[in-house]
Amino acid sequence: MRFTKHVITSICFNPSNLAQSQDYDQIENALFLKEQEKGRTLLVRKRWVARWLVCLFTGVGTALVATVIEVSIEHATEFKFNVLRKLINWCDSGTCMALPMLAWIAVNAVLVFLGSLLVTYMEPQAAGSGIPQIKCYLNGVKIPGLLTVRALLAKAVGVILSVVGGLACGKEGPMIHSGAIVAAGISQGRSRLFKKDFKIFEYLRSDTERRDFVSGGAAAGVSAAFGAPVGGVLFSLEEGASFWNQSLTWRIVFASMVATFTVNIILSAIHGHASDLSNPGLISFGRFSHITYEAIEIPLFLVMAVIGGLLGATFNGINGKLTVFRKKFIKRKWLKVLEAVLVACLSAVMAFVLIFTVDDCVENSEGHETDHSHMNCPDGQHNIMSSIFLKTPEASLISILHGKNEDYNMLTLGIFSVMYFMLACWTYGLSVSSGIFIPSLLTGAVWGRLFGMAVIQLFPESIGDKDLGKYALIGAACHLGGTVRMTISLTVILLECTGDITFGLPIVMVLIIAKWVGDLFNTGLYDMHIQMMGIPLLPWEPPEMSYDITAKQVMNSPVLTLNTTEKVSRIVDVLENMPHLHSGFPVVEKAPTDGEASPSSSETPSLESFGRCKGLILRSQLCLLIKHKVFSAANGDLVRVSASLPASADKEVRLEHFRDAYSQDIPSVNLEISEAEKDCCIDLQPYMNPSPFTVTMTASLPRMFRLFRGLGLRHLIVNNDKNEVVGMVTRKDIAKFRQNAKVGKIQVQELQIRQE
C-alpha cells in the first residue's frame, strides 16, 4: 500500500449547531477546592454507594421498559395476524382477496402513521435505533433531546407501533437507546419534563458521571434485548464508550446482569413458569447443540463471510444514497410521516403478493397449525411464505434457523431475501423508531440457508451433518457483521443467544472477514450516519502522517477573551450577540477591550495575542453568575461592595448551584439586567478554571488529538512563548482532519467547516 498525503479542502464539514461538546475536565476552582476540604471521606463513600445504586436501578428500569415493549408487541401482533389469517383463509377462493390485502394495508398504515407522528413531532431524536447518537454522546458530544423522558416515550411506543405496523425493523436496537435514557435520568435524580427534583444523587450531576452511567445503560439495553450480559458489556466497550476504566467495568457488568435477571423473572412469570427462568432476553436463537460442523466447511463459511461483507457494503451504500436524498428533498415533517406510511403500505402489499403468488406448500407441523395460512394449498398443508410474513421478524428468524431442511425451497428463499433486503434498506432511516439488528439477521439467515442448500446439492457426499441451521446462523452473523462492522461484541452476543460455544470459532472468523471486506468499500452503517449528521466524532487514533500539521494551522483566531474582572455589560453583550458560536472564553490579565489585540512575541509577528492566560470560564458558568447577580461595584479600583448589590442578588454562589444548574437550559438572552447593574463588574477568578489545558503553537495535530480523545477536553487554549493567548482549538477543529483510506493510498482530508 502506498502512503501518500493529500490534503483536500473542497469537502464541507457541517457540524450541527445544536450539538455541543461535553465537559469532562474537572474545574479545580476555588469553589471546588473549598468543597474538597470538608467532608471528603463521607463524600467519597456516598458517591461510591450512589454509583452502585444507580446501576441497580438502571438494570431494573431497563428491564421494565423491555418487558413492556415485548409484551405489547407480542399481544398486538398475535391479534393482528390472527385476524389477517382468518380473512385470508376465508377468502381463499380468490373471489375477495382484495379484502385481506386492504385490511393489511390499512392496519400497517394507521400504526406506522401514529408511530411516525410520535417520533417526528414529539422527539425527532427517537428516530432509528439511536445507536449512532449514543455513540456520539459517549464520544463526548451532547445532543439536545437525546436522553429525555420525551425521547424514551417516543422510542418505546414508537418501536411498538413500527414492529406491529409491519415495517422491516426490530425492537432490539432501540433498547440500547432506551437503556441509556433510563440510566441518564436515574443518575440525575430529577425530571426536567415534570419539573420535579427528588434531591438525590446531586453529587453525580456532571458530564463525566453521566457519561459512565449512559455506558452502563447501553450495555443493559443489549443485555435485556438479547439476554447477553457479557455481550452488552463488550458492545458498550467496542462500539460505544470512548472512555473506560476498571471500576466502570464492574458496575456495567452488574447493571447488565440485573437487566437480564429482571427480564428473565418477569417474562417467565408472564408465560406461566416463573421458577424456570427460561426467558433471559427479548429474543433467543435457540440451542444448536445437536448441530456440528466439519473442517471442510470452514472455507465455505469464509466464502459466506465475503458475501456478507459485500452485501453489507451494498446495503450501506444504498442506504447512504437514500439518506442523502432524504436530507435534500424530504425536509418537511409531514413528508417524513408520509414516507413512513408509504413504506408500511408497500411492505403489506409486497408480503401479500408474495404469499398469493409463490406456490410453495408444506405439510403442517404439529402444534403450529395456526401460525400460517393455507392459501392456494390443499388441506393439511400451508403456504410457506405465510409462515414468514404472518409473524414478527424475530419469530421468522427463529423459524429460518431451526426449520427442517424440507420446509423451504430455493425459489422462496431467494425471492424473500431480495425483497426483504430492499425493504430493510428503505426502512432504516425513516422517521420512526426502528432497529437494524433483526432485519439484518433475518436477511442473512435466509441467504445463508439458501447457500447451504446449494452446497448440499453440489457436494452431497462431502458434508456430514446436512442441517441447514448452521448455514443460516453463519449467514446471519456475516450479514449483520458486514453491515454494522462489529466483531468481538457481536460474537459474544450471538453465542449467548444460542447458548452454545460450538460455533464460536467460525462466527468470530466470519465476522472479521466480513468487516475487512466491507471496509474496502465504505464504513459501517452507524459511522456512516454519524458522518451524515455532521457530528464531530473523534476516532480511536489520529490521522496518519499528520505530525506536520501544527496548532498554528488548526486554531481559531482571533479569540474572544474576558478580563479577570469584567464588566457585566460586556458579559451580557457577549452572551446575547454570540449565543452559539462560543461555549468557553479564556480569562486573561489586562486583555485589550472588545477584541483589540496586541502584537505577539517577536518570533511570530504575524499573530496577535489577547492577554496573558489566567484561566478559562464556560458560557454556562457566566449565565449562572448573571442569573444570581454576583456583581461588584466599580469605584476606581474594582472592589466588591456588598452594600451596592441588588436586594435580589445571592451574596454567595456555591458549587451546589453550578451542579444544580447542570443540564438545565439557563437562557443567555433576555436576562433581567438593569442599566445600573450593567455598570457593575464580576470577579471571574473564584469561578473560572485556573489551570486549563494549553499548548504552544508548535504542538502537532496528533498531540492535540490525544489530549481531546484521552482527556475528553472541550477547549484547548493555544499560547505563545509569553503565555499569551493567541488561539483556541475545539473538537470540530480536530475532527475536520480525517484519514481517508483507499485501495493503494492513505489520504489526510481537511474538511471545510460550514456553519448554518
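Placed from the backbone N, Cα and C atoms, the Cβ positions cover glycine too.
Feature list (source: TrEMBL):
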COMPBIAS  598-608  compositional bias 'Low complexity'
DOMAIN    688-746  domain 'CBS'
REGION    586-608  region 'Disordered'
TRANSMEM  48-69  transmembrane segment
TRANSMEM  102-122  transmembrane segment
TRANSMEM  143-168  transmembrane segment
TRANSMEM  213-236  transmembrane segment
TRANSMEM  248-271  transmembrane segment
TRANSMEM  291-316  transmembrane segment
TRANSMEM  337-358  transmembrane segment
TRANSMEM  408-430  transmembrane segment
TRANSMEM  436-459  transmembrane segment
TRANSMEM  471-495  transmembrane segment
TRANSMEM  501-518  transmembrane segment
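Confidence across the domain 'CBS' (688-746), taken as the mean pLDDT and rounded to a whole number, stands at 88.
Of the two recorded stretches, the transmembrane segment (213-236) does not lie close to the transmembrane segment (337-358), with fewer than three CB pairs under 8 Å once pairs fewer than 6 apart in sequence are set aside. Outside the transmembrane segment (48-69), and at least 6 residues removed from its termini, the chain residues within Cβ reach (under 8 Å) are 152, 156, 159-160, 171, 175, 178-179, 182-183, 186-187, 201, 203-204, 209, 212-213, 216-217, 220-221, 223-225, 251-252, 254-263, 266-267, 270, 282.
DSSP assignment over the domain 'CBS' (688-746) gives 16 helix, 25 strand, 18 coil. A Cβ distance under 8 Å defines the sequence-distant neighbours of the transmembrane segment (501-518), meaning residues of its chain 6+ beyond its ends; these are 288-289, 291-293, 298, 301-302, 304-306, 308-310, 312-313, 316, 470, 473-474, 477-479, 481-483, 485-488, 490-491, 494-495, 524. For the transmembrane segment (291-316), the residues of the chain that approach it from at least six positions outside its boundaries are 421, 424-425, 440, 443-444, 447-448, 451, 455, 462-465, 467, 469-471, 474-475, 477-485, 502-503, 506, 509-518, 520-525, 528, judged by C-beta separation under 8 angstroms. For the transmembrane segment (337-358), the partner stretch with the highest count of Cβ pairs under 8 angstroms, out of 143-168, 436-459, 471-495, is 143-168.
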